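As annotated by Swiss-Prot, disulfide bond applies to Cys1-Cys16, Cys8-Cys21, Cys15-Cys36, with the evidence given as a curator's inference.
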Amino acid sequence: CGGVDAPCDKDRPDCCSYAECLKPAGYGWWHGTYYCYRKKE
């Protein structure tokens, strides 16, 4: 699975259970890449 800060596909997210696939705020957004971020819980 994809760990924190790993690129992911918003349609087929493969992030680990502790992470979620989100659109970056700031860097990276202009080329449509999503990244795995640690869940807020």
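Cβ atoms are placed via backbone N, Cα and C, with glycine included.
Quantities reported herein were computed from a predicted structural model and do not represent experimental measurements.
With a 10 A radius on its CB, Cys15 (disulfide bond) counts 23 other CB atoms from all the protein chains. Neighbour counts of Cβ atoms within 10 Å were compared across the disulfide-bonded residues Cys16, Cys21, Cys36; the minimum falls on Cys16.
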